[in-house]
Amino acid sequence: MDHKSARVSAKTPSSGDELKDVIKGLIKLSMLVIFLGYVFIWILMPTLIYRTKWLPVMRTEFGFSTYFGLAGLTLFMLMFPMLLLACLGCLYLHLKKQKTNNHLIREKATGRGVLAAMRRPMLVKGPLGIVSATELIFLAMFVALLLWNFFIYLRNAFPMITPQSAAKLHQKIWQAKLEAMAIRIGLVGNACLAFLFIPVVRGSSLLPVLGLTSESSIKYHIWLGHLLMTIFTVHGLCFVVYWASMHEISQMVTWSKTEMSNIAGEIALLSGLVMWATSYPSIRRRFFEVFFYSHYLYIIFMFFYVLHVGIAFCFIVLPGFYMFMVDRFLRFLQSRDNVRLLSARVLSSNTAELTFSKAKELMYNPTSTLFVNVPSISKLQWHPFTITSSSNLEPETLSIVIKSEGKWSTKLYKMLSTWDHDTDRTLSVSVEGPYGPVSTDFLRHDALVMVSGGSGITPFISIIRDLIAMSQTTTTCETPKITLVCAFKKASDIAMLDLILPSSGLKLSSDLNIQIEAFITKDNEPSDEETQKIRTVWFKPSPSDRPISAILGPNSWLWLAAILSSSFIIFLIVVGVMTRYYIYPIDQNKSKYNAASRSILYLLVLCVSIMMTSSAAVLWNKKKYKVEGSKQVQNVDVPSPTSSPSLWTDREIESTPKESLVQCTNLHFGERPDLKKILLDTKGSSVGVMICGPKKMRQEVANICSSGLAENLHFQSISFS
């Protein structure tokens, strides 16, 4: 088969598949129309047309004439469209998942054209990190939206301020303008808050539709966070200056029952400033635990933000936080179970591979991540690790690799490496996930060049294992040529190459074209055999342990859509009845509750509706798949810890399942990889370049791909931290 031609499916698409493609196209078109309408509302919001003509009419239709009071306008106009988008995204991903499971499809990736150029890195060095042209354009458009809102708000507000109007409030002209500007700055900041939580929704149905994952979208959360806190800080400082100039500094500690509560806003701002300060890279790297625990202040931030602006206004920014709350509660439910830890392969390079029992129904794609908690080390800390196993190659096990670098991972490695033969080897572990891409885009390329530094090799292990499975199970889908370039500091780190193949033993297929170039930068010769020992520790199962499984079962996207829609409907029904007959009784025109009480009541109903629907969905799936899970977790005889030499201590080994891996590997001691030469020499009309390593290595690869020296290079960076 010609390498430059598109690979064919493992199965010929049927008419049913063609219908699904049409439905998916219609769903994406509907989502685009809804999103453009949502953005149009944000553009129109500060204008006089909206505020003087549209707003009064809509307040009449959605506000006073409904069961939701003034909150009805923002509830239906700004919150409902985003939740509808999320539900449509779930349906789209469910149909896409079905097609991915039924067919192995490789679509042609071209190296030329506008779309290919838009995906290449445009900015490599700078505060934004590595940014593509597409990302830069969308960032510029979002900043333009913020500036548009700010200047239109001021243009409409300042002409209304006259000496007479200012004198009525005992203000000077500049004081009245300062107050007006402070209010409008706060309104502009709401646009950032509306999108702030969407990138950190791990089980998001919006990000995968755009080809993104929560891991790769963290930088968008960081950008939005910096913008948000800058705007809200200026908003707060403007009011402090205004109150000081008016000799009303006591306003800082007022808690209004009918209007905005100033002290609630200040508490929200202070909690946000703490999160902002501890999130800077230098502080986050040196004091990770401070950063980790301080970010729980988001609860305080959002709670007092709602009390500050009122429930009617907060529905403008609530959709993203609503999806985050659903995702967060599902993660909480999943983390309540202990998972079955089967074994640990302990390497001399301060590295360990943990292997868990997995439900057969759980499928995930390469480069997916798993969040792990070990209560004996810390009950609160959760750390993400790249999954190195393949659900196609290892249907009943799931593996992750942990490198001893921080305090948490160092404690775990010491615990694993000091277990002896007489120890009752049990370790309680909880997980969240896995989370990852919904499709394997690397199959689009003729060749793959995967560049890693140190433990950055772990996501590429999962890709190689998945390609091994593909080469063994199908003859009609050709796999791309693989070049793995890995750089290690010490010779002992070469043992990480042993993890490319599963511990059960597996020989590389002759159909898989793979070449490994391993560079050891600081050592000029191999380590002795004793330091290269690989020790396998087996763990005793507990009857309460469960195999890792999808929290919502195989049809997780449909269940997520059901949770989002049903929880929102329950919320609407309860709030509508409560508002009509309890908060605003029919025989009275006045509310029985102040603004803060109404906000707390709405939040309570929102949380309860999410908890009810999520718990029901999880319990249903647990009951349905409980029998299958219990069969996989049994009390079996646990072998004693065993040791075996690394493949890399003696190159002249006997024929083993891993001999083929040694034969396709070149070791380079005392050298650094010439990445420019390796990348430019790679043949193929489309070459996927994946990088997972330190910042300088990522920048070097990004520079090469964006230099224009080769138009067939497609850059993709995978999170190293």
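Using the three backbone atoms N, Cα and C, a Cβ is placed for every residue, glycine included.
Please treat TrEMBL annotations as automatic predictions, because they have not gone through curation.
Database features, via TrEMBL:
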TRANSMEM  29-50  transmembrane segment
TRANSMEM  70-93  transmembrane segment
TRANSMEM  128-154  transmembrane segment
TRANSMEM  181-201  transmembrane segment
TRANSMEM  222-243  transmembrane segment
TRANSMEM  263-283  transmembrane segment
TRANSMEM  295-325  transmembrane segment
DOMAIN    334-441  domain 'FAD-binding FR-type'
TRANSMEM  557-579  transmembrane segment
TRANSMEM  600-620  transmembrane segment
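The transmembrane segment (600-620) makes no contact with the transmembrane segment (222-243): fewer than 3 of their CB pairs lie within 8 A, with pairs spaced 6 or more apart in sequence. Nonlocal intrachain contacts for the transmembrane segment (263-283), taken as residues 6+ away from its ends with a CB within less than 8 angstroms of a stretch CB, comprise 222, 225-226, 228-229, 232-233, 236, 252-255, 290-291, 294-295, 297-298, 300-305, 307-309, 596. Taking pairs at least six residues apart, the transmembrane segment (29-50) and the transmembrane segment (128-154) share three or more Cβ pairs below 8 Å and count as touching. Taking residue pairs at least 6 apart in sequence, the transmembrane segment (70-93) and the transmembrane segment (128-154) share fewer than three C-beta contacts under 8 angstroms. Beyond its flanks by at least six residues, the transmembrane segment (222-243) meets 128, 139, 143, 146, 175, 178-179, 181-182, 185-186, 188-189, 192-193, 195-196, 199, 249, 251-252, 262, 265-266, 269, 272-273, 275-276, 279 of its own chain at Cβ-Cβ distances under 8 Å. With DSSP states grouped into helix (H, G, I), strand (E, B) and coil, the domain 'FAD-binding FR-type' (334-441) comes out at 14 helix, 39 strand, 55 coil.
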